[in-house]
Amino acid sequence: MEEERVEGSKRPFQGIIRDVKGRALCYKQDWIAGLRSGFGILAPTTYVFFASALPVIAFGEQLSHDTERSLSTVETLASTALCGVIHSLLGGQPLLILGVAEPTVLMYKYLYDFAKGRPELGKQLYLAWVAWVCVWTALLLFLMAIFNMAYIINRFTRIAGELFGMLIAVLFLQQTIKGMVSEFRIPKGEDSKLEKYQFEWLYTNGLLGLIFTVGLVYTALKSRKARSWPYGTGCCRSFVADYGVPLMVVVWTALSFSTPSKLPSGVPRRLVSPLPWDSVSLTHWTVIKDMGKVSPGYIFAAFIPALMIAGLYFFDHSVVSQLAQQKEFNLKNPSAYHYDILLLGFMVLICGMLGLPPSNGVLPQSPMHTKSLAVFKRQLMRRKMVMTAKESIRQKATSSQVYEDMEQVFIEMDKSPLAETHTTLINELQDLKEAVMKKSDDDGDTGEESGFDPEKHVDAYLPVRVNEQRVSNLLQSLLVIGAVFALPVIKLIPTSLLWGYFAYMAIDSLPDNQFFERTVLLFVPPTRRFKVLEGAHASFVEKVPHKSIAAFTLFQILYFGLCYGVTWIPVAGIMFPVLFFLLVAIRQYLLPKLFKPAYLRELDAAEYEEIPGTPRNPLELSFRSNNSARGVQECDAEILDELTTSRGELKVRTLGHNEDKGHQIYPKEIVEVGDGDMSSSRE
């Protein structure tokens, strides 16, 4: 099973026209589906809001440090809210979540370092010059969309995506270390004679910061795994897993006020940001007036960083969009890669002229959004289908009639302007039909006499559906607007908690990153490798010789070191995206000469293939599990958690290398284990 491939065309505007026509057919339905969801849509909305707002607040504090408060949390929140509203109303793929991301912060730091060192620009014209960079960036994005360049994303394989993810993770950890060290130092521009900056209080602030940073990281990581806790009800575990991280920020912020009263004001150090209505914040909205003050030489020089930023946004935005609409989610509405790049260009232009850092598609919030809507849609469909089945059984309907009633409900709830044919829908329900009829043949003719259990069998055989709509994206963007005006409360958060949140994001992104997994595998001695095979592991562990794994991983480590090293070069570090585009050519022309094609396919697979370490009933993306027959109940979100990586990427479960591998187990298959025999049926 391959990732959806972006279609290309030699005719200008062809991709945009195709995208607009495709999305226009379902635009009205996008709103109807969201409004019909009622208050239930608030669950995925708040879930995505907290997942989106916290990183943006952290990036705002980082920007404030890197640009000497030329930009702050006000601007990052405003950009996220503005771009989120625009995309939810006009975007092609409404499941895509936009926000200010680490690459943008990194680029803006390089641009600030360049402008500060030039008397013609300086801090005064920094944002005006950056606005010209955004103008060039927007023009380049327009050209990419017009000439259908989105198909190039097909050439970016796992090796590029995981190297980029690892680089961001390391930059997060780097920012954590820098932030923790800064807690022991006097901030730039502050009066060193103030009481809070005396040695003993600086040391106290640093130690408190260390406690808060480590405390948040530990509790956030623990709460993230709450669904697998053995105690508590399913609802409680799901709540802690979904909202545990922002909850821990609130808890640790509250604890920061429990310090002794003798501590001077400013210990522990808290978020520093102007309020939206302060004069400092209002000046950013008039940056367009200063653009004429930038000399022509610097206007044309802005094209160089714009080229890097446009390429970075194109890569990041398209990859995130792919992960938000993976085939395994069974989305009904078409993609809009070319049109979304065009719209991104307009948003970059608007943000630049308003003095805001632009927003683009973000990970893992976008696939998290899709996953939360899949859980919500499943709950709605399951509830109605179970009720219908029970009513039919109560009326002593035959098993075939029970199935037909449930089938009708499924078709009715799955209606969309671009819905699949009736035959395709029926094929997806084939396993449910077989379960109903099998029980009828074994136990009786009517639904009541048969062994068919609506609660168990509907839960096991219900296909994945996503509630594709625009309301949740719009609502979470409006909540971000609310966060802008809630800055007086947000400023109560200790800065050390934001450094801890950076560390949490870095650590949480490492599991399921195959580059990281292979790096760890290098340190496992041959006598202990059986331990790796005992747990769930990537398929390459069994299918590729260890020497080839080691060689491929060492190449990645060296290339990663090169990418990370470039980011340390003053000003010129802005060129680091070039290395990721160069990697496309290396992957296509050099690596096939160094590794066998079969090995390279495993090491750089399009999908995350996983082999179970111990025999157990596999969980399917169709939410079917025989565990329920053994009395084990798993909530919908827990099933999807096991099926997705930390990036939101869906896993493909395969048989072990030494097992019977007549075929690969795809998400739409179920393996039924009987009395010692194993058989599989395809939907």
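Glycine too: its Cβ is placed from the backbone N, Cα and C atoms.
Checked against Swiss-Prot, the domain name for Asp66 matches that for Phe502, so both face the same side of the membrane. Looking at the topological domain 'Extracellular' (148-158) alone, the prediction's average pLDDT is 85. Between the transmembrane segment (81-101) and the listed ranges 39-59, 159-179, 566-586, the one holding the most Cβ pairs under 8 Å is 39-59. Using a cut-off of 8 Å between Cβ atoms, the transmembrane segment (478-498) and the transmembrane segment (295-315) share fewer than three residue pairs, counting only pairs 6 or more apart in sequence.
Away from its own ends, the topological domain 'Extracellular' (60-80) comes close to residues 52-53, 98-100, 105, 108-109, 112, 116, 123, 126-127, 175, 179, 182, 188-189, 271-276, 281, 284, 351, 355-359, 477, 480, 483-484, 487, 490, 495, 498, 502 of its chain (Cβ-Cβ under 8 Å, at least six residues beyond either end). Between the transmembrane segment (39-59) and the listed ranges 159-179, 201-221, 239-259, the one holding the most Cβ pairs under 8 Å is 239-259. A contact between the transmembrane segment (566-586) and the transmembrane segment (239-259) is absent, since fewer than 3 of their C-beta pairs, 6 or more residues apart, lie under 8 Å. Each residue in the topological domain 'Extracellular' (148-158) gets a DSSP state, and the totals come to 8 helix, 0 strand, 3 coil.
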